[in-house]
2 protein chains.
Amino acid sequence: MSAEEILNELKDNVVKRAPGNAVITDVEFEGSEVVIYAKNPELFSNNFIKELAKDFRKRIAVRPDPSVLLEPDIAKERILRIVPDDAEVINCIFDANTGEVIIESKKPGLVIGKEGSTLEDIKKEIQWAPKPVRAPPIPSDTIKAIRSTMYRERADVKDILRRIGRRIHRDVKLRDYCWIRTSFLGGSREVGRTCLYHQTPESRIMVDCGINVGMDDEKAFPHFDAPEFSIDEIDAVVVTHAHLDHCGFIPGLFRYGYDGPVYCTKPTRDLMTLLQKDYIDIAEKEGKQVPYTSRDVKNAIKHTIPLDYGVTTDIAPAVKLTLHNAGHILGSAIAHCHIGDGLYNVAYTGDIKFEASRLLEPAVCQFPRLETLIMESTYGGYDDVLPERDETEKELLRVISETIARGGKVILPVFGIGRAQELMLVLEEGYNQGLFNAPVFLDGMIWEATAIHTAYPEYLSKNMRNRIFHEGDNPFLSEVFKKVKDTKDRRNVIGRDEPCIILATSGMLTGGPSVEYFKTLADDEKNAIVFVGYQSEGTLGRKIQKGWKEIPLMGKNGKTRAIKVKLSVHTLEGFSGHCDRKQLIKYLRKLKPIPDRILTIHGEASKCIDLASTAYKLFKKETKSPMNLDSVRLR
Amino acid sequence: MSAEEILNELKDNVVKRAPGNAVITDVEFEGSEVVIYAKNPELFSNNFIKELAKDFRKRIAVRPDPSVLLEPDIAKERILRIVPDDAEVINCIFDANTGEVIIESKKPGLVIGKEGSTLEDIKKEIQWAPKPVRAPPIPSDTIKAIRSTMYRERADVKDILRRIGRRIHRDVKLRDYCWIRTSFLGGSREVGRTCLYHQTPESRIMVDCGINVGMDDEKAFPHFDAPEFSIDEIDAVVVTHAHLDHCGFIPGLFRYGYDGPVYCTKPTRDLMTLLQKDYIDIAEKEGKQVPYTSRDVKNAIKHTIPLDYGVTTDIAPAVKLTLHNAGHILGSAIAHCHIGDGLYNVAYTGDIKFEASRLLEPAVCQFPRLETLIMESTYGGYDDVLPERDETEKELLRVISETIARGGKVILPVFGIGRAQELMLVLEEGYNQGLFNAPVFLDGMIWEATAIHTAYPEYLSKNMRNRIFHEGDNPFLSEVFKKVKDTKDRRNVIGRDEPCIILATSGMLTGGPSVEYFKTLADDEKNAIVFVGYQSEGTLGRKIQKGWKEIPLMGKNGKTRAIKVKLSVHTLEGFSGHCDRKQLIKYLRKLKPIPDRILTIHGEASKCIDLASTAYKLFKKETKSPMNLDSVRLR
């Protein structure tokens, strides 16, 4: 049956079973959902929808027909009239494609009202489905821009969703005799340009599509020259998390003709948009070729279908996807594909952290079924045991208080997403405990990334959620943090007499404000620089770490001048967002069920091989550390 | 540079360097050769050609311009006039594409003349280049048909060669950064439908394309549904040997749009043509779907570029091929690909025998360079040690003489190519030694296959060549062999009162004359059946081997009748054309150089895995037994 025929059958069925007075105006595929539009959606009970979903084996949504929705401006006015002023409504965000309105307020309880009475009143009045949420404490420009794009281009987005829906439900002959395999197009036995390509006779699923920012040639990008790769054949793209080595080329796919869905969590969508735009900016400043423009970034946003953790959805004929928490950065996910009605399951961990961090819960390690696990190996080598987190935090605070005591400034070059927020939480606690008394300046994209973190509290750890919601104590809002808004601000920070702490991107001093701070603060032995992340060979960060005493740097006038390095240099390894070797092994030990096959990628060759060998010793199952361009038959 | 530009540069160069009075009419790519056409080709010395080849790094041939060649009929008349009658010229075969004439005679020495004087005379008179050969003692219909096709369609063949030449020399950017990989499209962890697919960024080489005659569904054919496979992209197809599990689908490639070259030895071309036509005949008789017609077989012949062992030739940009003797059947080869100007070498053994048989030399085990070896594992299992050949021969002759002594007939079901000829040599010797005195009847395609063997004495073992050429004693011509020409002949053999030996196809009694003999001779305990080859599960051969006492068989009237099995049943395992485990290990031990990687295919899963494990223990190098649809990065 064609998608059209399936849809017609569904329509007939829905009309037949719907409550007698329901006015159904349309039934459509939108993404993997079947959406029923009705003039009186309130007539469809949750039970009715559940039964329909069970019978059709599809996700069902019932939405108001657009004709019954009030104009957003008028609807907003009515909302503000109904909701008591004490609620402090900040924003109403209308999503024309779902018929929902997100009501951001300081006290969402008052928007809900006693036993939901206020919500009921709103719904009756405007027809839009109200979703009350707590207003994020820090406004995010990225989220604002994304929402505005989605609203402005809602017609286009709806077309895209319908096209995707028809593709997912297209007519294919699913055979008993079915093979499944995965090609490794990048990020195998290396870190950077991660790209997996799952294939069945009927479908092609790409998981991650990263870039290696440290490379200038074709090694920067995945192997699109792999003979099995054809951009026209991709059914779905899945993104595990927002780091560029996993998502950096996503807009490039659209530039080169892809027009299908991108599945990821909402935080991943927003954070990757931020990073991709930043990548374009930096590359343009450095006069490098960028493989896409902001137009392609926007196109990727429009094609993104956000998924929450634990929700299973059709992404191709006989292929379903579930995302699970990976504990690495906000919104990071394990991509679990169920192929052939769940007969075969392959999960890719993405990057994982298997211990509770201040920000996030540890990675999920139990799955309903699992035949092949593809796992990261960043710290998979025999010697890759990192210091304990507690000790590392103490050490950081010790360096900071010593530096401040002698009147110096501390530079913390950080990667804007993930590590920066973890460090903020450590610093906030240290400050509260009186371990130091100096401001923490945030420069680069850290502020904006933090704003995105505060917009998705449901993705944070239980502790954090408790603190924010029940104790009304949002650590990111601490008075200790000061935003560096512009270069004038930055000059003031550099020039101030008092000690301070500076969190600045980029993390390896490959560009951005951290380099500016270093240039002017390096010459004074009172100051300190603390590396909390991996420094690649060849970067400025690595040179400083190695103890170079003089480093030639290009000045603004194009002339090279030698920077004298007198400040004290520290390296703290215990802040990693990755599992170290002990945690990787613990993850394997806790893993349920034990898969038939474990493939190790995302690490230097020796680390991938060490981890594969360890996994073999643990389970006596097939393990392998594939190479880029290997294609492994899974079934 | 485009092929056209390269060619023009070559032309200029040739004209500049050629002897002053040479009249060059054309310079063309034909296959991988650069062919210089001249009105006076005798002016180009071998040294001149060698130097040109060295400078251009291409194979060079100089041929007479067609305008100076005498008409074949007239030329033949002149040849017969010049050559003394004692030479007994049987046939003159003109190859318009090479300007050569093969002169088949009983005494080729007389065609050559004293110090080549007769040859010189012929050449001056007719301009064709004369190639004197000994007339094959048994005429082959297959070879005759192939030669006639090639002559009749010579214009078409020349076009094909030119097209292939331009494709080989097409403009590609060869990069330092080059990957090489091999996909396993069939015949991995199984026997049947062997198909390898070598890939580089610029080229695609298929090695073997077999069918599994035991399967009726899609498992009969290689995985053409592999995402990296595209029939339009194949640069070259290489065939290791003529068995259907290695060459059965070659004509199918042409049916589905392939129009490039097929590289193999001449005996492989002829034997595979014979088998493919037989496959079509049998399938049609059984009412099965055949994936191609005899038209496609003919098309494959026209696209075949025969290669001798040891000759290295360009087959794609930066890919060269050398075929080496594999010792398995006549013309069987190891396919050795040199990629990137020989920087990376991957050899596939095809099927190998690593001991001198009566017919052939053992497989080549030394190579100038070798990084990856892909090897067969038919008898790679820990228990796969076969009886010694000597013992097996004695046992066969013992069974035969016993059966004959009691007045019975011996049925030897054999595969027509390879085993049949080996057995003929054993029987001929036994007969000469007086171990039995009874005729040996040959039924099925054995006679024709034997004819092809006698046409290529240069592919036989030294012993055989000696015997045939120097001792004038061709064992295949022994009076003991009688050809069964038709069903009347067959009835006579079955009905005769005297004992006899019957060699008949098919080898597993899946059809053909062997079944007819069995049906009528099974019921008599005086008779015997001797299996000398592997019997697949489910075949009639297997049932007899297992000792079934009654076997239901469909008669000509469509009714099933039970055949009583009273004849004595024997199985002799020592005649295999494959290495047994001991020989495989010996091959590995003698292998030079030791490759970096060994991949084992062509055997049941456990045997491939056992052999890979043994190879690992021997060399401590990477070994693997890939699955169908795995793709392995070699470099």
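Residue positions begin at 1 at the first shown residue.
Backbone N, Cα and C define each Cβ position, glycine as well.
Residues or ranges marked as region 'KHb' by TrEMBL: B:70-137.
Summarising the annotation, TrEMBL assigns domain 'Metallo-beta-lactamase' to B:192-404.
The Cβ neighbour count for B:HIS243 (Zn(2+) 1 binding site), using a 10 Å radius and every protein chain shown, is 25. For B:HIS241, B:HIS243, B:HIS328, B:ASP351, the entry in TrEMBL reads Zn(2+) 1 binding site.
All protein chains shown were included, and the count of other CB atoms within 10 Å of the CB of B:HIS246 (Zn(2+) 2 binding site) stands at 29. For B:ASP245, B:HIS246, B:ASP351, B:HIS602, the entry in TrEMBL reads Zn(2+) 2 binding site.
Annotated region 'Metallo-beta-lactamase C-terminus' per TrEMBL: B:577-635, in sequence order.
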Next on the checklist: Name them in sequence order: residues not among B:HIS241, B:HIS243, B:HIS328, B:ASP351 whose Cβ is within 8 Å of the mean position of the Cβ atoms defining the Zn(2+) 1 site.
Outcome noted: B:THR240, B:ALA242, B:HIS246, B:ALA326, B:ILE329, B:SER332, B:GLY350, B:GLY418, B:GLY577
Checklist entry - Cβ distance under 8 Å to B:HIS328 (Zn(2+) 1 binding site), same chain, sequence separation 6 or more: which residues? => result B:HIS241, B:GLY350, B:ASP351, B:ILE352, B:LYS353, B:LEU360, B:ALA363, B:GLY418, B:GLY577, B:HIS578
Checklist outcome for this item: Its Cβ having more other Cβ atoms within 10 Å than any other among the binding-site residues B:ASP245, B:ASP351, the winner is B:ASP351
Next on the checklist: Suppose we draw a 10 Å sphere around the Cβ of B:HIS602 (Zn(2+) 2 binding site). How many other Cβ atoms does it contain, all chains included?
Outcome noted: 30
Checklist entry - What count of other C-beta atoms do you get within 10 angstroms of the C-beta of B:HIS241 (Zn(2+) 1 binding site), across all chains shown? => result 29
Checklist outcome for this item: Whole-Å Cα distance, B:HIS243 (Zn(2+) 1 binding site) to B:HIS602 (Zn(2+) 2 binding site), is 13
Checklist entry - Reduced to three states, what secondary structure does DSSP give B:ASP245 (Zn(2+) 2 binding site)? => result helix
Checklist outcome for this item: Using DSSP three-state counts, the residues of the region 'Metallo-beta-lactamase C-terminus' (B:577-635) come to 25 helix, 12 strand, 22 coil
Checklist outcome for this item: Looking only at the region 'KHb' (B:70-137), mean pLDDT returns 91
Checklist outcome for this item: Simplified to three states, DSSP reports B:HIS328 (Zn(2+) 1 binding site) as coil
Checklist outcome for this item: B:ASP351 (Zn(2+) 1 binding site) -> DSSP, reduced to three states, gives coil
Checklist outcome for this item: Surrounding the recorded Zn(2+) 2 site, with Cβ no more than 8 Å from the Cβ centroid of B:ASP245, B:HIS246, B:ASP351, B:HIS602 and those residues left out, we find B:GLY187, B:VAL191, B:GLY192, B:THR194, B:ASP208, B:GLY210, B:THR240, B:HIS241, B:HIS243, B:GLY350, B:GLU376, B:THR378
